[in-house]
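For reference, the structure discussed in these notes is given below.
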Amino acid sequence: SDMSFEELLRVQSDTRTRVSKQVTGGKKTAESTKAPMKQQQGKKGPLEMSAKKPVPFLRQVVSVTKKVQRDPRFDDLSGEYKPEIFMKTYSFLDSIKKQEKEMVQKQLKKCRNVEQKEKLQQLLNRMTQQEQAQKKQQKLRERELSLKRKQRELAKQGKKPFFLKKSEKRKLELAEKYAELKRSGKLESFLNKKRKRNAIKDKRRLPSQK
């Protein structure tokens, strides 16, 4: 009763602010104790942080399994490459390639379109070259295997095994090529072509007459 009207209004406003602070503070503490952060969505989903609290510097990050790419050419799990085993395992591809070549040859005979015929001819030439290269590689492997067998036999007998140099291997290759050309009857044409190539090379090496 002794207080003035202005003092009563000031006291009422102070009590209201104090009560509101207590109420809001109690809600915040309850919410913080109940759920500081939302639940994770799924096993691999990100954690949803509350927007009412500042994000900590060190956050809990979901670990992601890193995919490691494996190259079978350089991985020990694929085993050691052995040409003999590889050729035996994939020998069925030779019959498939042979059937494809025969199919291309039949299409080439029936084709009347010039552009399509050129494409088929290029494809046939490529297949023939691949076949010849494969046969050449097969012969080289057979020669190397025969040399290894001879070296093993010499080692079993107690003799010193011999190792051919690159030049000697090249001579053996030329001798085999010469014998094969002679059997097929293409030796003379091969020698004529080689003479022409050598003559062109010699002509280029000569000094120009000016």
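Heads up, the Cβ atoms here are built off N, Cα and C, so glycines get one too.
So that you can see what the record holds, here are the features copied from TrEMBL:
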COMPBIAS  7-17  compositional bias 'Basic and acidic residues'
COMPBIAS  139-156  compositional bias 'Basic and acidic residues'
COMPBIAS  192-210  compositional bias 'Basic residues'
REGION    1-54  region 'Disordered'
REGION    128-162  region 'Disordered'
REGION    186-210  region 'Disordered'
Near the region 'Disordered' (186-210), which residues from the same chain, at least 6 beyond its ends, have a CB less than 8 A from one of its CBs?
-> 178
Please list, for the compositional bias 'Basic residues' (192-210), how many residues fall into helix, strand and coil according to DSSP.
-> 14 helix, 0 strand, 5 coil
